[in-house]
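Colleague: To start, I am sharing the structure in question, which I have written as C-alpha cells.
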Amino acid sequence: MTGVAVLGAGAFGTALAISLSAVRNDVVLWARAKDQIAKMSLDRTNAKRLPNCHLPANLKLTSDLQRACAADIILISTPMQKLSEFAQENRTLLAGKILVSCCKGVDLETGQGPVELLERIVPDARIAILSGPSFAIDIAEGLPTALTIASKDEALVSDLQATLATNNIRLYSSLDPIGVEFGGALKNVMAIACGIAIGAGLGESARAALMTRGNIEMQRLASALGAHPKTLSGLSGFGDLVLTCTSTKSRNFSHGIKLGRGEPIDPSITVEGVATAHAAAKLAAQRGVDMPITNVVRDILNSSITINEAVELLLSRPLKRE
Ligand SMILES: NC(=O)c1ccc[n+]([C@@H]2O[C@H](COP(=O)([O-])OP(=O)(O)OC[C@H]3O[C@@H](n4cnc5c(N)ncnc54)[C@H](O)[C@@H]3O)[C@@H](O)[C@H]2O)c1
Ligand SMILES: O=P(O)(O)OC[C@H](O)CO
C-alpha cells in the first residue's frame, strides 16, 4: 500500500497527518479551502485548529482533491454530519480506494455509523474505521496514544495496523467495526451528560454513575446493531468514554458543562454528541433498546426538559438489578 491522504484539515486530520509524517514521506493533507492551504503552506502550521503545532516539511498540503485521492489509503476526517454529503459528492474519486473513517458520530438522517454509511455510498471501496481515546493536540504534540483500527476485512485491518501505526500511535486491530464506530460515537453523548452533571454542580459521584450506566447503554445499543459487547470495553468504548467524560479538552464534555451552567454555546465548534444524541435515541426507540441517559441528553439539548427534570426522571426510574 502506498500513499496516505488525510481529507479534512481540522484538528484531528491535521494531527494525524503530523504524526504519520514522522514515519512516512508520502502523506498528503487536503482541505477544501484554497486560502486555508495557502496559509498553512506559508506558516507551516494550522493556525485555526492547532496553532502551536509545526507541520513537518515532508507533509504535502493540497486543496486539489483529485491529487490527494491518488493515494491508496484515504483517511476521512470531516465532521460526521458532513460525511454523507462529502462521500456522495466525491464518490467517483473515492471508488476503489481504502477508506478509513476517523469520524465519531451517527448520521442523523440515516442512523448509520461512518462505516455503514461509506459502504452504502462507495460500495466498491474497502472500508475501515480508526477510533479511540485521543485528543488531536496530544497526537500532534507526539504524546503516546493507543487507538483501534477496525474492519470486517481481516487482511485489510492487518495491513492498516502496520501502515498507520506511528511513533506515538499504537494501533490495536479489531474485526468489529460496528462496535468500534458506535463506541466512538456514543461516548460523545455520555460526555455531554457528564459535562451537564459537572456544570450543574451535581457532583463527581453523579458523573461516575453516568459513565458507568452510560457504558451499559452504549453496549446495549451497539449489541442490538450487531456489535460484540466486549468491543465497548475496549479503547473505542470504555477508553474513549473515560477520556472524554473527564477532560475539559473534550468539546463534548465542555459543551455539557456550558449547558449545565446555563452559559452560551458557540455553534461553530464541532460537538458530535449533539446530533448523535438525537440519532442514537431514534435508533434505540426503533429497536426497543432502553437508553434513559441518551434520551434525557436529547431532551435537554432540545430544551424540552430542564436539568432538574432530567435528574428526577433518571432517579425515579423503577429500581432494578445491575
Ligand atoms: N479533535 C479531536 O481531538 C478528535 C479526536 C478523535 C476523533 N475526532 C473526530 O474527527 C472528526 C473531525 O473532528 P475535528 O476535531 O477534526 O473537527 P474540526 O472542526 O476541527 O475540523 C473539521 C474539518 O472538516 C472540514 N469540513 C467540514 N465539512 C466538510 C465538507 N463537507 N467537506 C470537506 N471538509 C469539510 C472543516 O472545514 C474542518 O477543517 C470528528 O468526527 C471528531 O469526532 C476528533
Ligand atoms: O473533543 P471531543 O469531545 O470531540 O473529543 C475528542 C476525541 O474524540 C477524544 O477521543
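Glycine residues also receive a Cβ, built from the backbone N, Cα and C atoms like all the rest.
Any TrEMBL annotation is an automated prediction that lacks curation.
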Colleague: Per TrEMBL, which of K82, K97, K104, K152 sits in the substrate site along with R251, N252?
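Modeller: Same substrate site in TrEMBL: K104.
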Colleague: Would you mind reading off the Cα separation of R32 (NADPH binding site) from D240 (sn-glycerol 3-phosphate binding site), to the nearest angstrom?
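Modeller: D240 (sn-glycerol 3-phosphate binding site) has its Cα 29 Å from the Cα of R32 (NADPH binding site).
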Colleague: State, in Å as a whole number, the widest CA to CA span among the substrate-binding residues K104, R251, N252 given in the record.
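Modeller: Maximum Cα-Cα distance: 13 Å.
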Colleague: Under 8 Å Cβ-Cβ from A11 (NAD(+) binding site), six or more apart in the same chain: what's there?
Modeller: N46, R49, L50, A136, I137
Colleague: Summarise the model confidence on the domain 'Glycerol-3-phosphate dehydrogenase NAD-dependent N-terminal' (4-155) as a single mean pLDDT, whole number.
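Modeller: Mean pLDDT across the domain 'Glycerol-3-phosphate dehydrogenase NAD-dependent N-terminal' (4-155) comes out at 98.
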Colleague: Rounded to the nearest Å, what's the C-alpha distance separating E272 (NADPH binding site) and N252 (substrate binding site)? Just drop the number here, would you?
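Modeller: Cα to Cα, E272 (NADPH binding site) and N252 (substrate binding site) are separated by 7 Å.
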Colleague: A9 (NAD(+) binding site) to S250 (sn-glycerol 3-phosphate binding site): how many Å between their Cα atoms?
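Modeller: Here the two Cα atoms are 18 Å apart.
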Colleague: In sequence order, which same-chain residues at least six apart have a C-beta under 8 angstroms from R251 (NAD(+) binding site)?
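Modeller: Listed in sequence order: I269, T270, V271.
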